[in-house]
Structures are given as C-alpha cells and as structure tokens.
C-alpha cells in the first residue's frame, strides 16, 4: 500500500510540475499577478508530493519490503539500517527520486525565501525549475519506476554492492546532487533573465548565493568521492582522471568560473552575457555527467548501472534543456549589453583571467573525456586518453591560475596596479620561494612536488597577506581588530577558500613523494618503509554483521616506539559472495600510514604498505574551501539581498 | 535596445552567440549515434568485435622487460609446437592504466590455477612496468614490451587492458576490451577455457 502511495505521489508531483512549468511563465508574459502567484503554492505542493514519494521509498527499504523489486535488487534484511537507507539512493531509480526531491526543495526555497525577488523574475525562475522537474519526474515514472512490484516476493533481497556499503559513499551522492541541483537554480535564473531580457546587478546578487551554495556542496561531494576511492578501493590513489570523475569536475570548474563572474555582474554591471552562458554551462555539464554515467556510452570503472534505453531518454531531456536554453541564449543575449567600462588591470580584469583559465581547463578536461568516444564514431579509431594527457594539459593552465589568484584578490575594482599589489604580496612570494627551495634542496623533493609546495605556500600566505592588508595589521595595528570585525564575511570567505585550495595543493604535492612497497610477511616478520618498521603480528578471522573477514594485525614502530596498530581486512559478503578490501589507515594529519591486505601464500599475508605524506590535506583543503564558501554565504549583504536558504541546511 | 550605437562590434560577433548551440547540437548528434550503435552493436565502449577472430595472430617479436627475469614474447610462442598443450591468454596492459589494477587479481588467480597468461606491456616505461609487477604480483609466463605500440596496432588494440584467448590451434577465439572482472572471468572466460581445453 505504501509503495502505491509513493507511486501516486510521484504522478501527482508530475502533474504539479506541468502546472508549475506553464502557469507562472505564461503569467509573467501576460503580466497577470494571479497566474504568477500560483508559482509559490505549486512549488510547495511539489515539494510535499515528492517528499511523500521519497518517504515511501525509504519506508520500503527500512522494512525490507521484498515485494518491491528495487528493494530486492538493492537491499537485504541483514544490512545495518543506515545502509538500508543509503541503499534507497544508492541505485539508479532511487537516486533519481533523490535528485527530484532536492530539486523540489530548491524550488520551494526560492518560493519561500525569494520574497524580495521581483514577482515576474520569481515566477519565471520557479517556472523554469518546473520544466526541469517535469522532465525528470517523467523520466522516473516512465523509465525508472522505483516502486515496481514483484510477485511472488523472494525471501530476502540480493544486497547492495558491498563496495558501496560505506559511510563516505552513503553521503557522496546526496552532496553531489545538492551541487548539481543548485546549478539547476542558477540555470533557472539565467533562463529567466533571458526570457526577461534583463540582467542587472541585483540579478547577480540573487544568483551568487545559489552558485556559492551549489559550489560548496559540489566541492564536498567531489572530495568525499575522492576520499572514498582513496580508502575503500585500496589503490592508494585519490584521483584517476576517470570519465566519471571528470564529469563531476566539469560542472565544478564551470561553477567556480560562474561564482567569480557573478561578482563582476554585481559590482561592475559587466560580463553579463558571459555569466549567463556560464550559468547555462554549469547545469549543462551537470546533466552531461548524468548522461555519461547512466547511459553506458563510456567505458569507466565507476559505471555501476547503465542502460542504453534510459540513455536515450536522458539524451532527449538533455537536448531539450540544453538546445532550448542555448537557442534562447543566441536569440536574447544581445539584449544583455554591458554597461560597465573595463580596464584589463583591475579586479574585474583578474576575474576575467580567472574565467578564461578555468574555462580552458574545463575545455581540456571535456575534450579529453569525450574525444575517445567521438574519435570512435567519426573515424573508427580506438584511442584512450589517460592521466598523462590530463596532467600535462592542465598543469600549464593551472599554474598561471594559481599564480594570479592572490594578485587578483589584491587588485582594486576599476583600475589597479599590478606592481602595487605585488609589493604588498612580497612576503607571500618570499615564502613561496623559501618553501619551494627548502623542499627541493633540503628535503630532496622532485621538481613538481616542490613546485606544488611553493604554489601552496603562495596561496596560503597570499590569502593571509590579503586579510592583513585589508585590516592594516602592520600599518595601524591599534585599529586592526576593529577593522577585522568590520571586514565583510565575504572577504574572509574568499581568503579562506583560496587558502583551502592551497592546502589541497600541498596535499597533492605531498602525494607526489608517496612511497609504497609490496611484501609477503609471516607472523613476527617485519619490513621497513619510510623510516617506519612494519611488523606483522598475525592473521585472524573476524565476523561482521553481514560479512566475514580475514584480518592482518600490523604493528608500526618508529625508533622502537609503537606508533599504531593497523588492521587491514579482506571482507567477503555472504549474500553475493563479493570480496572487498578494507584499507587500514593511520593518520596524524601530516602523513598517512596505509596498509592493504592481499592474498595469502604459505602462511604469509601479502601486504601493500603506503606512506602518504600530507594525504589528508587534500580533503581537508576541500573542507576549508567549502567552509570559506559557507562563510561567504553568511555575509549580511547576501542575506539582505537574497537570503541564502541552503546556508542554514545541515549538510545532508 | 541594446544594439545601440555604442556597440557596433557586437553585431559582427553575434554569430558567436550561436556557437554554444551549434556545439551542443553536434555533441547531441554524436551521442545519438553512440546510443543507436550501442543497441545495434556497432558502438561498444567495452567489447569491440575483432577482425582477427578465428584467425592466427599477426607476426611479432617483442623485447623482454629489462630488469626482470621474464622471458620475452614472440609469435613463435603462440605457434609452435601446434597443438599447444592448453589455450593461452594474451593480455595487453600498462602500469598507467587504472582498470588494469582491477583486472590484475583475476590474472593472478588464473596463473595460479595453471592457465598460461602472456603479457604485452603497452606504451610503458620499463621501470614503471617492473614496479607494477613488483607491487601487484606477476601473473605472466612470458612478457613482451611494446613501447612504440606497433604490435598493438597490428592486433587492432582498442585500449588497455585487453585480453585475447588463443586456442590450442593457435587461433584467436575471444577478445575482451576492458578489465576482466570476476564476473567476466566466471561468465565468459572460464567456459571458454573449458571449451577450448
């Protein structure tokens, strides 16, 4: 009964979305306040309907209702409750329901908090969100019904892919979706602006919180995915330039560019056409990622579920949204002429440079991801593009971007002086040189990791220099505290986010000098790696809630002192006979000791041991970036202009 | 309105506003062809039907991996003396290839079970390849190094990893582009190994 209720709620939401897609937009075109007034109630109604559907799905998973085929395929009564819940969105059908739920949440948030929005703009934004919701609800109902029944019901479910039974991964899709769907809102704002034929500073101010919130969640989502790959897949790596990873990085790059260009719209009333295009692009790339992952057109290690028939439907949706919005763009963009004047050496000039570089990186990543597929259909050539291409092609673009970041943040609006900015940054430059030299000469780092360390120092000290300069810490120390308190939170947020990128780069540079070894050890034997002694204490059997495992106990010693005891496991899940490796990781924030248990040979366990300097900094930096974004979101200016509802949401 | 006298260059650049639409349309058409191809089998990102099925592999003679004591691989190893004692696998791999890491345990298992697995190391640095085998174990009875990738072209390699099954008569019977996962091993490869044993 409850699953039917969920199915009915989905159908109801679909009808409401149709109304939401038509009434407010027609109302805005006819300037009819009653029609425009339907936008908010329809958005709330849709949230309720989709919420009921999602609740029904959760309920089916929680009670392990084996008459629902989705539960049978993805759940099992022996699973811990949290993974029963995460199983509901860990599969294709459920994840699409979650997608629509977040979308309707955003629609309702625009309706509830956008009281200051001009009525027509608000009606159009909600209307465009209605179109997006309509497409995806139709997709769910007609091709991926999560409430399909099976009869007779099997005794129990077939379990969830054990690789996916993990807290990191339980949180990873909702985070990414919050990001992707956040870009649906900026997309809606862009389309509404095109319909209206007007983009002004106020528009930039309303778009920015959404771009910022989406960016924060996407940053966290990508970091979680990378962290999960690091500790769960047991390869010791954190980023593989896999097409699926790239497809989450692409909207992030476009979204980061959008975030910065929206500031120019707001402050200088310029870059309007470009900003609108970026808002369209960020969402396009989010949808492209969904298409690539779900349709099976690419060969990836991450493709868990795909189906060409669904791919066709997603492609049609993609083309309707993308071609529709780009056609509208080509037709209406000339109306959005810039009014501000532009000097190349200025804050806005630096932000344009930021945009150019970010978009170039995005273009390189996009080309590298799609080229093998297109080369195949165009010429029949079978080529593969791997990490060497991405590393060599993005580095020359990323380095100037990083070099320009602190300088750009120092330049004033309208008309700046690079030399003056550099003078205020001299100690950041000195710190970068010292750090680079120290790592190169004293610690014997290779060139690239040492360069990475210098870049990291440049960003972190540069961000500090920016704040010190703004509060005049050295020039007028007496009033520094006063000025620090008066400094807008957006300034603090920007500095924090820039420093966070520096922390991430330091982590990546540290991973550049990671060492590892493969050894077969019997109980009592030991090996040395990176100045540590790793002693195998023995192998044992352990039993978990739905798995059995083989566990190695490895004591790590330094100078005779026990540092930690690592217990890597190889787990076998009874239900589907899958085996996973559980890496054991000990971190002290400066380095990770990482052990993976492989096969066993003549009583000896094969261990892969890694020493990963600064590895945690990669994800810690991403958290700092997201915190910076959050701090910026809490800026009073944003709350006054357009309250940022998502800032208050606890990360799901 | 905005096409005011202040912005004459805008008019000449208006075509640029159509560029995103054009690119998106081209990409959409390409994706459409791919999806159609997926259903008809003309486009397949994983298993590409090989022109060599049922034929003998092309001639080659590859150098060994320096620094390892593995014997080198040449066509003679797949031809003489016929019939071969058992079917063999030829696996193209590289240390820079992530799916190869996923595939590796299955190759290790096969080699422990006595299946002869020959490796061709594709476009790789010798030190990296040796480190890979050091780290993940060596499943290969013989290993040739194809640094320029010429042998791969002759075989019609789609990408790495890619695996060929050669029967006892020395003919290619099966080709799999992509990692041999436990699933592929149980559902495809083991039955084939039994059939051609």
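Just so you know, the numbers here start at 1 and follow the chain as drawn.
The backbone N, Cα and C atoms fix where each Cβ goes, glycine too.
Keep in mind that TrEMBL annotations are predicted by a computer and have not been checked by a curator.
The transmembrane segment annotation in TrEMBL covers A:6-27, A:39-62, A:125-144, A:175-195, A:207-229, A:273-293, A:313-331, A:352-374, A:394-413, A:451-469, A:490-514, A:614-633 (among others). According to TrEMBL, the feature domain 'Cytochrome c assembly protein' maps to A:89-295. Annotation source TrEMBL lists domain 'Cytochrome c-type biogenesis protein CcmF C-terminal' at A:315-636.
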Taking only the residues in the domain 'Cytochrome c assembly protein' (A:89-295), give me the average pLDDT of this model.
87
For the transmembrane segment (A:394-413), distant same-chain residues with Cβ under 8 A (at least six beyond the ends)
267-268, 345-351, 353-354, 357-358, 360-361, 364-365, 421-422, 424-425, 428, 451, 455, 458-459, 462-463, 465-466, 469, 494-495, 498, 501, 505
Beyond the flanks of the transmembrane segment (A:451-469) by at least 6 residues, Cβ under 8 Å
399, 402-403, 405-407, 409-410, 424-425, 427-429, 431-436, 439, 445, 484, 487, 491-492, 495-496, 498-499, 501-503, 505-506, 508-509, 512
Quick test of the contact rule: Cβ under 8 Å, at least six residues beyond the ends. What residues does that give for the transmembrane segment (A:352-374)?
241, 243, 246-247, 249-250, 253-254, 256-257, 260-261, 264, 271, 274, 278, 285, 292, 297-298, 382-385, 389-390, 393-394, 397-398, 400-401, 404-405, 408
Would you kindly list the residues that approach the transmembrane segment (A:39-62) from elsewhere in its chain, counting only those six or more residues past its ends and only Cβ-Cβ distances under 8 Å?
2-3, 5-7, 9-10, 12-13, 16-17, 19-20, 23-24, 27, 68, 70-71, 74-75, 81, 84-85, 87-88, 94, 97-98, 100-101, 104-105, 107-108, 110-112, 122-123, 126-127, 129-130, 133, 137, 146-147
